[in-house]
Structures are given as C-alpha cells and as structure tokens.
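Database features, via TrEMBL:
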- 19-39: transmembrane segment (TRANSMEM)
- 26-478: domain 'Major facilitator superfamily (MFS) profile' (DOMAIN)
- 82-105: transmembrane segment (TRANSMEM)
- 112-132: transmembrane segment (TRANSMEM)
- 171-189: transmembrane segment (TRANSMEM)
- 201-223: transmembrane segment (TRANSMEM)
- 285-309: transmembrane segment (TRANSMEM)
- 321-343: transmembrane segment (TRANSMEM)
- 355-377: transmembrane segment (TRANSMEM)
- 389-412: transmembrane segment (TRANSMEM)
- 424-447: transmembrane segment (TRANSMEM)
- 453-474: transmembrane segment (TRANSMEM)
Amino acid sequence: MAGGSFAAQGPAGNYEGGITVFVVITCLVAAMGGLLFGYDLGISGGVTSMDDFLLKFFPSVYHKTKEGSIHESQYCKYADEILTLFTSSLYLAALAASFVASWVTRAYGRKISMFTGGVAFLIGAILNGIAMNVELLIIGRLLLGVGVGFANQSVPVYLSEMAPANVRGALNIGFQMAITIGILVANFVNYGTAQIKAGWGWRVSLALAAVPAILMTVGSFFLPDTPNSIIERGHREEAKRMLQRIRGTEHVDYEFHDLVLASETAKKVEHPWRNILQPRYRPQLVICTLIPFFQQLTGINVIVFYAPVLFKTLGFGANASLMSAAITGVVNVIATLVSVFSVDKFGRRGLFLEGGTQMIICQIAVGVLIGMNFGVTGEGSFSRGEADLLLALICLYVAAFAWSWGPLGWLVPSEICPLEIRSAGQSINVSVNMFFTFIIAQAFLAMLCHMKFGLFFFFAGFVIIMTIFIFFFLPETKNVPIEDMNRVWKAHWFWGKYIPDEAVIGGDPEN
C-alpha cells in the first residue's frame, strides 16, 4: 500500500488504497464548480436590494420602496414579477441545460461537461456586467443558468466517483463548501460595491461572477476523468491506470472488477431514462426526485436569494441588511465545515434528522416573531433586541440547513445510482432542484405579500414532512462503495422488495 493512503472498506469487501493527495487536489479543483452556483445565489439578492440597480431596471419598485405610504404593507414592497424573473430565470435555464448536460456527461465525460458550464457562465457574467436594459440582463442570467446546469450535473458525480467510499461524503461536500464560500464572497462583494456612490457598484457585483467561471473553465483542462467515465467510453487499461493513480496503490483489482462489472451492466441499458422507471430502480427514482424537491421546500432560498431584501422589508437599513446577509453567509460556511468532518462519522441520516428538527423550531420561531410585530397588516417594526433575535434565529436555521439538507441534498442522490442510470439520476436531481428553485425564486415575494408571516409556517410544515420521510425511507449510505449500493437497498424494510437478487454486485475479480 502506498504511503499516505488508507483502506476504504465497505460491506462488499475491502478496496485497497484510499485517499491520496492527487484525489484531494482533483476534488478541490472540481468543487470550484460550486463557486459558480454559490456566487450567483448570493449576488442576486444583494443586487436587487441596491437602489441604483432598482432605479435603472425596476424604477416602479424603487419608487414604491422610497415613496410608499407609511401605511403600505411592508410585506409587499418588493413584489414585482419582472424583478423576481431576474433571479429565477437562471434556474429555468439550468433546468433545461441539465438534460443536455446529462447526455454530454455520459458521452464525453465529466470534465467536458464542467468546461462547457464554465464557458457559458463566463459569457453570462460578461453580459450581466455590461447590460443596459432588462432584456440583456435576462439573457445573461439565462447563460449563467446553462453554466449552473452543466456544473451541477457533472461535479457531484465527478466527486462521488473519484473519492474512496469512506471519505466520499467529506470530499463530495467540497462541492457544497464551494457553494457556501461563493455565497459568502458574494455577500461581502455586495456590501463593498453598495458603498460605491457613482451608481455602478451593481455592475461590479454581477461582472465578478466571471472569476469563478474562469477558475472552473481553466481547472477543467487539468482534471483527469474518472475511472468510471473512462471505462464507460471503452478504455479499460487507461481506466485501471487512473484508478491505481487515484488510490495510490497497484492493487486495485477488486475495485476495478466492480467498476467493469457495473459498466457492462450499464452498456446493456440502451435507454437510461426509460430504465430508471423500472421497479428495480424505484428507490433511486424516488430519492433523486424527492430529495431535491424537499431541499427547496425547506425555504432556504428565501434566505439565500432574498436575505437583503427580506431584512430591508422588515425594517433593517440598507447597509444593515447587506451585513446581516453576510453574517448568515459566515454561519453557512462554518456549519458546512461541521458536515465535512461529521458526515462520514455520524452518517447521512443523523445529520438529516437533527438538521430538520432544528430548522422546524427556528422557522416556527421566526414566523411567531414576525407575526407578533407586523401582524397581517404588515405595519410595524422591530426593536434592536428583536432584530438581533430574528438574525440569531435565521443564523441557527441556516446552520441547520448547512450541515444537513444543503450538502446532503447533493451528496445522497449522486452516490446512490448505479452507473447505468447515474447520468439520468443526476439529471433528475438537478432538474427537480432547478425547477423548484425557479418556482420558489419566482413566487417568494408574491407569497410573502399574500401569506405574510404564515409563509414561514408553510415551509416549517414541509420540513416536518421531509424529516419523517428521511426517518422511514432513507437507509444509511456512509462508507458504502458506490457500485455496491444495491446491497443497502436490498436490506431496507421497504425498498428491498424492488431490488432483484442479481442486482447485488458480488463475485471474485478473477472470475
């Protein structure tokens, strides 16, 4: 066994080798794809709260926030369909792009998909930075969405396939860590550019999205493809050499045998989209659909997209709103680190269940606090102590999401699908995620206007449902080699009846 690595064990056997410096570096570079997603998540809400941006592109909203009656509901100040389309259009494009990305990822490899995403995001960032009208602004957002769709399709799969089973969770969460860092950087960029008095600070915020795009585009040139992807395209000897390199040992016969067996099974499947509907793939279909659906119905994007707008709606000053959003960004990064160091120790289920419980408590408390101060009329204000309490509750909520549904919403779907349906499963994961991200982003300001403080109870109700779902229907997948995941489903009280005996990989690599 090569120095600096350790055995990756799973219930199917003992794969020699383990984590190496090479794997860590490649996974860090690949995870830069998360910066694209994270920076955009954080930047849009801050920009839409900037007066200069609103005055140029959405003057009616600007005048409503500045000149509205003191009796006007605070809940409805930012309700405008075109303003929300600026944020949400990206996710509609990402939804469409994810289907194309699924084919590209399968046919040409994960790194080509990452490169394509980086180029599209770069062009979109440039268009947003130079936009002179709403139409060009939206076109830029659509191109950003193409980049996000390709990155979110390829990066989680890449990370899951490169990582040894016993650290797959930690390395895969590098993607979520990059997302949270992107959000945090965006929050501080917004705070800084808001201080530019000349009126073009928002252009800097939008144009700086080119930085993570360049990092991903250039980085993808230097990334190797995964052994799974190389085998999938018919180059077995090259795949074995790559597996030996990333595991740090010459003795990879058992793992390589499982990868080849999985690839041979996958090649018999001519129509992965049709096959994922078969009963034998029912667990993967349900999980890859419901996990991203539930992830968006936690209400997290209310905070991520619209934190500055939400804080301004509730009476915070402009700078205080941006700084409060930045504080939640710091909490997000720190809490994601908790997940990195605990997901392969305590497992996926434990983090899901604890995070869900904490989010329920915080959302109900936020709803009660806002309801007590603003009622159904939307007239009121927070005292300094109440504002601090609101910020603390939102930070606790963000922390709970960041060590549970945030990273695990990407990790679990990317690690449970066998190779023959992996691209289809990840495409479903991304498309469902992007579709409901679009719905929430587009509808939130109108929902806040009509549902008022009850909106937070609405999201709390969904978190209760999803926590119950996790408790009963998600088995523990920590330390399980990706190609042996069917053993977990076969042993589950509910899903076992869908998994045929021959679907469980086994056998000797010499046979």
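Cβ coordinates are placed from backbone N, Cα and C, and glycine is handled just like the others.
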Field: Recorded stretch that, among 201-223, 355-377, 389-412, 453-474, has the most CB pairs under 8 Å to the transmembrane segment (321-343)
entry: 389-412
- prompt: Between 0 and 100, where does the mean pLDDT of the domain 'Major facilitator superfamily (MFS) profile' (26-478) sit?
  reply: 86
Field: Remote residues contacting the transmembrane segment (112-132) - C-beta distance under 8 A, at least 6 residues beyond either end
entry: 30, 33, 36, 97, 101, 104-105, 139-151, 153-155, 158, 203-204, 206-210, 212-221, 223
